[in-house]
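To keep things clear, I will list the structure first and then write my remarks on it.
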Amino acid sequence: MSHPLLEVRGLSIRFGGLVAVAEVDLTLNHSEVVCIIGPNGAGKSTLFNLISGIYRPTHGSMKLEGKDITGWPAHRIAAAGIARTFQSSRLFNDLTLLDNVLIGMHTRTRSGVFDALLRPATARAELEAAAARAGELLHAVSPQLHARRHTLAGALPQADRRRLEIVRALASEPRVIMLDEPSSGMDDRDTDGLMADVRRVMAERPGLSFLIIEHDMRLVAALPDRVAVIDYGRKIADGDFSQVRLMPRVQEAYLGQKAAHHA
Amino acid sequence: MSQTGIHVEAPVERSGTSLDASIVVAVELGSAVLLGAFLLSEQTAIVVLLLAVMGAIFGLLQWRPAFEERIVAAFHDQQQLAIALGAVIVMVYPFFMQGSSYALHLLIVAQLYAVLALALNFQLGSANIPNFATGASYGIGAYTSALLAINFGVSFWLTLPVAAVVATIFGFLLGFPSMRTKDSYLALVTIAFGIVVHQLLNNFSWTGGANGLVGIPAPSLFGHSFTRPIEVLGFRLPSQANFYYLSAALVGLSIIAARRLHNSRVGLAWNALRADPLAARCQGIDIVWYKMLAFGVDAFLAAFAGTIYAFYVSYISPDNFTFLVSVTIMTMVIVGGMDNTLGVIIGAFLLTMLPEKLRIFSDYRLLFVGVVVILFLILRPQGLFPQRARNYGAHR
Amino acid sequence: MDALLMQHLLNWLVLGSIYTLIALGFSLLFGVLNVIHFSHGDVAMVGPFIALAIVQAVTAMAMPLGASAALLVAILAAMAAIGLLGVLLDWLVIRRFRTSPAMMALVATVALGTVIREMIRTLYPQGSNPKPFPAIATGVIQIGDVVIPVFSLIVIGVSVAMVAALFALISHTPVGVRIRAVAEDLSIARLMAVRPDRIFAVTFFIASAVGAIGAVFFVSHAGVVRFDFGIQLGLIGFSAAVIGGLGSMNGAILGSLLIAGVDVLVQVLVPDGASYRLVFIFMLTILVLVFKPSGMLGKPVFEKV
């Protein structure tokens with residue numbers, strides 16, 4: 001494969017006087033898992049928002065499989081194959097689990113308003129088929145979730161909300177899935193469960209690449225192929241975690257200059 | 001569990017089939033009788049009594065949600081019976097109105113408002129777009145068809161699609177600013193549009209100005225003019241019956257459209273847009289398009305209602321289509337139940353008939369509506385009949 | 001200066017002042033309570049009715065007060081009464097929507113406006129009919145061949161004074177500091193022992209009272225008052241606040257002057273302009289909102305993702 005899957009070059013955004021992300025280069029290859037780490041407020045979520053099209057960059061470029069997607073609006077980027085979750089699990093709370101996943105399939109279904117009104121049988125058939133697939137997806141990740149698929153998403157506990165959001169993201173059959181702090185608020189047991197889920201998804205979908213923002217170092221040590229460190233909006237390191245964590249610049253970022261010297 | 005891991009209920013031998021049928025028949029006939037009694041009663045005491053009965057039934061359904069579920073399941077199982085019986089009841093209803101043209105008039109107005117409420121429901125109920133300009137779309141539909149009929153002699157049936165198209169264009173124009181504005185600002189934009197339309201209708205001489213348009217010719221179908229009473233099998237229905245059937249047909253079409261859109265990819269996209277526009281965008285939903293679509297669909301249906309209204313009363317003026325009319329329609333959606341087809345229709349019927357029937361309160365009608373809205377928003381914001389979760393073929 | 005031009009200028013400033021008094025209320029309520037109080041115009045419009053009632057009562061009781069003094073007392077009393085009415089409505093209805101989605105609060109306040117209008121109409125004797133409202137001042141001042149109505153001077157003067165007082169209050173008094181704190185960050189303000197309920201009440205009082213005097217000027221300028229004048233005045237005031245940027249006091253002033261400018265220009269330049277003024281005003285509003293959704297001086301809100 002000549003192209004990397006996702007290629008980000010010199011990506012920058014400023015809000016007024018504040019430069020939130022500056023000149024970030026990032027490459028994501030097929031079937032790769034990259035973790036984005038860095039201290040709080042470093043701009044990691046902002047980077048995600050740039051890549052997923054919620055923000056438009058002020059400088060820089062993004063390419064997905066060689067195709068320029070710079071400045072594309074969020075819904076086009078989703079259709080192109082980049083899916084994401086949010087730090088605070090933005091589910092559609094007053095809709096059922098199944099509906100949530102179905103909406104995730106929006107880009108893989110086609111019926112528009114005229115189909116719905118004038119060719120209801122076809123539209124309905126497509127929707128029911130999608131619902132069946134959605135059910136399967138849910139079941140593959142969690143039979144418990146599948147059993148509750150007709151209940152409202154708002155009623156789910158935290159760990160299940162994360163799971164549902166991941167299922168919803170997978171429903172669009174993406175090439176890249178971005179997880180924003182999936183383990184935040186979880187205890188060790190839930191985090192282990194999450195890692196197992198992610199590994200299972202990786203195994204079932206060999207071509208899929210992951211971009212994960214994480215703070216939990218257990219996860220960061222075990223899961224990704226590579227790690228990229230962001231500090232003050234800039235990428236300061238990129239490579240294998242065992243090497244990156246020893247770099248003085250990285251330690252400075254997390255611990256502060258003085259402490260890093262002593263570490 | 002089957003191969004795909006999806007649990008499918010094995011078809012249960014439901015000896016309840018006849019029970020289901022009885023439930024459907026009882027509910028439909030009971031509602032028809034209740035509505036009829038309400039329409040025909042002259043004395044306030046009886047009206048209040050009937051209201052109490054309705055309130056009690058509603059209370060019962062709230063207290064024992066299982067009843068409501070059972071009824072819904074029965075209707076689901078016996079869908080064809082429900083539709084057939086419903087159609088029959090609607091067809092023969094005027095014959096039971098004791099020749100009262102007033103009762104028919106109320107039904108017509110209630111049905112037209114039901115259509116308007118259903119139209120707004122796409123935006124307000126499904127997509128949470130505050131549109132205060134439905135009255136304007138209603139008016140544009142009415143004026144377009146009236147002008148075509150008066151000035152160019154176009155037949156009613158032809159003006160219908162034309163008015164709908166014109167109003168839809170207006171709807172898209174209205175939706176255009178919705179791209180960048182949100183929530184309260186969007187509400188203000190729709191209010192502003194409504195006022196602009198109202199003022200323009202008031203000022204232009206070719207729309208009749210403040211005096212409006214008179215002399216809109218009555219429609220006719222296969223030579224039968226709608227001003228003539230209907231005579232069938234020796235029974236004689238007042239001429240209003242013509243418009244009753246027309247508006248009932250429109251309600252039927254609207255219900256079909258509402259159900260098809262709700263249970264479709266479009267309806268889901270609207271709901272996503274309502275729940276969390278940002279997350280919706282990240283699922284690939286083009287929220288600009290879906291917002292515009294909601295405006296367009298609302299205007300399209302509202303125009304149909306406006307056209308029928310214009311030809312029914314044969315006289316329209318800008319004051320029929322003010323901001324307050326839009327607020328009334330919004331009230332029906334809120335009180336009836338956001339994103340619930342039946343709820344919205346009931347809301348429309350209730351809010352049309354109650355002020356008429358409680359005659360002594362007629363001067364306080366608007367006050368009553370306002371207080372009711374506020375109370376509902378405080379106590380029961382989801383409306384009388386909240387939205388129902390979707391089914392995908394599986395029974396629960 | 002050309003007498004006609006002067007007249008138009010004065011007209012602009014008078015209307016601008018009136019709209020500012022209403023728009024300030026909207027901006028204040030949005031900035032501090034994050035509520036769009038759609039019924040603000042109708043609440044303000046209760047003011048002239050109360051003033052009228054007091055004037056009539058005073059006349060009926062044949063108290064030894066001159067007509068102007070009676071009117072002045074009536075207006076002051078009305079301001080206080082409307083201030084209290086605002087607080088009452090917040091306590092009764094509006095505060096229940098503090099944590100609701102914006103849409104619900106919006107529809108609720110629209111409905112509240114209807115309720116207030118209808119209560120005026122049903123409670124005030126013959127409420128449906130327009131009532132003449134006395135002129136606050138009828139004299140003129142003549143400078144050269146320029147004729148300046150005293151009324152215009154009063155309106156402009158009082159408005160400027162009120163705006164200045166409001167700015168002073170917000171910037172230089174302890175209460176003002178607390179108001180700004182609440183407007184900026186409610187949770188932090190709470191931590192600093194600010195009682196939000198008190199601040200909300202104060203804000204409602206100020207906004208409503210200032211709005212009341214705006215309404216009084218409006219009806220005195222028009223010569224009549226009707227129960228539903230609040231709709232139009234409220235909508236124009238709201239548009240002015242939105243155009244300027246909701247929450248920004250400077251924006252309220254700017255927006256009001258802009259709208260008043262359009263109002264006067266349309267009446268002067270467009271044939272039969274008086275019938276079209278609302279069209280132009282609201283088209284302007286729509287245009288501004290399309291190109292600058294947060295208003296001209298408003299800060300764009302960044303949603304934290």
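Just so you know, glycine gets a Cβ as well, placed from its N, Cα and C.
The shown structure was predicted, so the numbers you read here are calculated from the model rather than taken from an experiment.
Annotated transmembrane segment per TrEMBL: C:12-36 (among others), in sequence order.
Taken from TrEMBL, the feature transmembrane segment applies to C:43-63 (among others). Within the chain, the transmembrane segment (C:43-63) has long-range Cβ neighbours (under 8 A, six or more residues past its boundaries) at 22, 25, 37, 70-71, 73-75, 77-79, 81-82, 85-86, 89, 116-117, 120, 124, 131, 133-134, 208, 211-216, 218-220, 225, 227, 229-230, 233-234.
What TrEMBL records for C:69-94 (among others) is transmembrane segment.
Sequence annotations record features per position, and here TrEMBL assigns transmembrane segment to C:101-120 (among others).
If you look up TrEMBL, you'll see C:140-170 (among others) marked as transmembrane segment.
Counting residues 6+ beyond its ends, the transmembrane segment (C:199-223) has Cβ neighbours under 8 Å at 14, 17-22, 24-26, 28-29, 32-33, 37, 40-41, 43-48, 51, 75, 78-87, 89-91, 95, 132-136, 151, 155, 158-159, 162, 166, 169, 175, 178-179, 182, 189, 229-230, 233, 237 in the same chain. Marked as transmembrane segment by TrEMBL: C:199-223 (among others).
Sequence-distant neighbours of the transmembrane segment (C:276-294) (same chain, 6+ residues past either end, Cβ-Cβ under 8 Å): 232, 235-236, 239, 242-243, 245-246, 258-259, 262-263, 266-267, 270, 300-301. What TrEMBL lists as transmembrane segment is C:276-294 (among others).
The transmembrane segment (C:140-170) makes contact with the transmembrane segment (C:12-36): 3 or more of their CB pairs lie within 8 A, with pairs spaced 6 or more apart in sequence. Sequence-distant contacts of the transmembrane segment (C:101-120), counting only residues of its own chain at least 6 positions beyond either end whose CB sits under 8 Å from a CB of the stretch, comprise 35-39, 41-43, 45-46, 49, 89, 93-94, 127, 227-228, 230-231, 234.
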